[in-house]
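Novice: In case it helps, TrEMBL gives these features for our protein:
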ACT_SITE  His210  active site, proton acceptor
BINDING   Gly44, Val45, Gly46, Asn47, Val48, Gly49, Asp69, Asn130, Val153, Ser154, Asn155  NAD(+) binding site
DOMAIN    38-177  domain 'Lactate/malate dehydrogenase N-terminal'
DOMAIN    180-344  domain 'Lactate/malate dehydrogenase C-terminal'
Amino acid sequence: MQMNGSSSSFGPGGLDLAQSFFKPIQNGAPPSTTKRHTKISVVGVGNVGMAIAQTILTQNLADELALVDAKPEMLRGEMLDLQHAAAFLPRTKISASVDYSVTVGSDLCIVTAGARQKPGESRLNLLQRNVALLSDIIPPLAKHSPDSILLIVSNPVDLLTYVSWKLSGFPSNRVIGSGTNLDSSRFRFLIADHLNVNAQDVQAYIVGEHGDTSVALWSTISIGGVPVLSFLEKQQIAYEKQTLENIHKEVIDSAYEVINLKGYTSWAIGYSVANLARSLLRDQRKIHPVSVFAKGFYGIDGGDVFLSLPAHLGRGGVLGVTNIHLTDEEVEKLRKSAETILEVQNQLGF
């Protein structure tokens, strides 16, 4: 079943009003076939998927937006709700279907679908159910849009990005996980809040697993171009390492706090993913901490693994990984984070 946007044909006999309503100018030429048409597909229209879709629309990131979900009634409702806001938004064709053919020709496919944990269910069993779900999602996306970029948002994002890479057969630079892009935004907010500055003036990264073994790169943090820790040392300003650890812990716990308060997270991840979409599709060449193929970086060599590193993103996907100098302690923590992901990955047998 396919649910498309509104048509110019309506009335008895399907009269095409577009042809009747507008008179072409003389000596005109048809539209250029080389004009770039940007299409984004979002799989999963839950709270996260719709926050992403809504942000993509308001930021005018796509000419066409395709929505896919297994629940046709909810899917049609969400499509209509967005279409009814057309007068307030940039012009975007919105379509929806339970059939993946609606995604054909996508430049970017964003996957948010995921199974919810059942009471008493182990993390591994939940992961296995999500792998089975992705087995039904990724191959048809790859079939209908073989040149697209896959952006995985479903959790656990690092493991599911690896699984998506294997299922798609895509080169590693075109499979990306949302990773710690949002964690890093939370990190920047907390530092900015402590120092009463704008978060956009804070350069700070969380890398590694999107989870408990993530690594805060304190050695690389700068504010307005000033490296924070070296500044404190030069000024002989004392600080406690525990204070830094507490800020990092607050980053890890912040998502849980939002979930406990409102039941889910949506708006921040919506902005985070739209931010990634902009960098990718508009070839912004920005640096984002996202889940990428990490083997060979910082001594990570235990196997094929995806985790977050500061990546250079553009129209071709991952253009490279920033060669940031890390302390020995940070490198060790990053390797342990990779080992944690690989341990679960090996249990999957995927």
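Every residue gets a Cβ built from N, Cα and C, even glycine.
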Novice: Test of understanding: give the count of other CB atoms lying within 10 angstroms of the CB of Val48 (NAD(+) binding site).
Specialist: 25
Novice: Helix, strand, coil: count each for the residues of the domain 'Lactate/malate dehydrogenase N-terminal' (38-177), based on DSSP.
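Specialist: Looking at the domain 'Lactate/malate dehydrogenase N-terminal' (38-177) with DSSP, the answer is 68 helix, 26 strand, 46 coil.
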Novice: Please report how many Å separate the Cα atom of Asp69 (NAD(+) binding site) from that of His210 (active site, proton acceptor), as a whole number.
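Specialist: Answer for this pair: 25 Å between alpha carbons.
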Novice: Max Cα distance spanning Gly44, Val45, Gly46, Asn47, Val48, Gly49, Asp69, Asn130, Val153, Ser154, Asn155 (NAD(+) binders), Å?
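Specialist: Greatest Cα-Cα span of the listed binding residues: 17 Å.
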Novice: State the Cα to Cα distance, in Å, between Val153 (NAD(+) binding site) and His210 (active site, proton acceptor), rounded to an integer.
Specialist: 11
Novice: If you skip the near sequence neighbours and keep only those at least six away, which residues in the chain come within under 8 angstroms of Gly44 (NAD(+) binding site), Cβ to Cβ?
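Specialist: Val68, Asp69, Val111, Thr112, Ala113, Gly114, Ser154 - these are the non-local Cβ neighbours of Gly44 (NAD(+) binding site), listed in sequence order.
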Novice: What is the interatomic distance between the Cα atoms of Val48 (NAD(+) binding site) and the residue listed as 'active site, proton acceptor', given in whole Å?
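Specialist: Rounded to a whole number, the Cα-Cα distance is 16 Å.
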Novice: On average, what pLDDT score does this prediction assign to the domain 'Lactate/malate dehydrogenase C-terminal' (180-344)?
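Specialist: For the domain 'Lactate/malate dehydrogenase C-terminal' (180-344), the model's average pLDDT rounds to 92.
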Novice: Does anything in the same chain, at least 6 positions from Gly46 (NAD(+) binding site), have a Cβ under 8 Å from its Cβ, and if so what?
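Specialist: Within the chain, Gly46 (NAD(+) binding site) has Cβ neighbours under 8 Å at Thr112, Ala113.
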